[in-house]
Amino acid sequence: MPLVTTTEMFKKAYEGHYAIGAFNINNMELVQAITDAAAALHSPVILQASAGARNYAKPPYLKHLVEAALEDHDLLVALHLDHGADFEACKDCIDNGFTSVMIDGSQYAFDENVALAKRVVEYAHAHGVVVEAELGQLAGIEDEVHVDAADASYTRPEEVEEFVSRTGVDSLAIAIGTSHGAYKFKPEQCTRNEQGVLVPPTLRFDILEEVSRRLPGFPIVLHGASSVVPAYVKIINDNGGKLKDAVGIPEEQLRKAASLSVCKINVDSDLRLALTAGIRQHMAEHPDHFDPRQYLKDGRQNVQELVAHKIKAVFGSENKA
Ligand code: G3H
Ligand code: 13P
Ligand code: ZN
């Protein structure tokens, strides 16, 4: 089956109260692990590539890896540009087979963000491609918890209707307290449970609910939504790694977001952790091995299990393809 856009995926996800996982790819093992898991569970899936991933793997390799996965599996896949920085980056992907692009103008003033998104939407829609944009900023979220004035980084619900109607975007990423990377919260922002594990502050579901009230039926996207799975952090740290106080978004909060208007949940850090944990554990257990196929196989297996778990137990997209 050819690549699809996210239009139908999001409509069904919204109505069915589940979300589609959007997984970052940058090499063959990740593409295989994600699509093997999605195919086995009959789940739709979004494969997304950042500018960094495109630089690393080179665009033709990524494109053909995705095509290979579609040849290998009968699978519902959208190919998405993650965090497109400008019109040219989006145009390049639109011209080269992507079915969805993000134009990330979240660091600009409202009117500038609108103008940029509108320009991308006009080009994308003329080519049958859908567009995600962002209002509010994830970066610097740590400070917000302590400083009320920094609330400005959260999405302002009163801006969303005007943004969507002026730009014509197909989905909107919002900032409700998620954050990119493996260190989403500082330890002092968290509490500790009886086992001494850091418990992060709860996401701002009030903002999500107000956004959905103002944009009924409109698909919302969560970036920075890795759970920073403690089991993988532990394997890494037990095998020579040093990831101190890594903390992510608890699964039950992602489940709740998926049951509301969140139709796309972005995951990159958890894939990195799962792959690295598999490789580190393999290296530690087999210091004599030096064939990449041996340790990459273990990393890939971890990623496949992680994606399967998210599809089944967190996002709820199993059997929705
Ligand atoms: O949201 C950003 C993604 O995690 C991509 O990260 O630019 O290092 O590939 P990257
Ligand atoms: P994580 O760092 O939480 O995996 O977020 C990934 C992301 O938002 C990609 O756009
Ligand atoms: Zn992101």
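Using the three backbone atoms N, Cα and C, a Cβ is placed for every residue, glycine included.
The active site, proton donor feature in TrEMBL is assigned to Asp82. Counting only same-chain residues at least 6 apart in sequence, those with a Cβ under 8 Å from the Cβ of Asp82 (active site, proton donor) are Ala22, Asn24, Gln48, Ala49, Ser50, Ala53, Met102, Asn266. In the three-state DSSP classification, Asp82 (active site, proton donor) falls within a strand.
Counted within 10 Å of its Cβ, the other Cβ atoms near His180 (Zn(2+) 1 binding site) come to 17, all protein chains included. Here TrEMBL flags His83, His180, His223 as Zn(2+) 1 binding site.
Remark: Asp104 (Zn(2+) 2 binding site) has His83, Gly84, Ala85, Ala133, Glu134 as non-local neighbours, by Cβ distance under 8 Å and separation of at least 6 in sequence. Per TrEMBL, Zn(2+) 2 binding site is recorded for Asp104, Glu134.
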Reading the DSSP string in three states, the entry for His180 (Zn(2+) 1 binding site) is coil
Students should find that the Cβ of Glu134 (Zn(2+) 2 binding site) has, within 10 Å, a number of other Cβ atoms equal to 25
Given the Zn(2+) 1 site His83, His180, His223, its other Cβ neighbours within 8 Å of the Cβ centroid, in chain order, are Asp82, Asp104, Leu138, Ala173, Gly224, Asn266, Asp268
When the binding-site residues His83, His223 are compared by other Cβ atoms within 10 Å, fewest goes to His83
Mapped onto three states, the DSSP assignment of Glu134 (Zn(2+) 2 binding site) reads strand
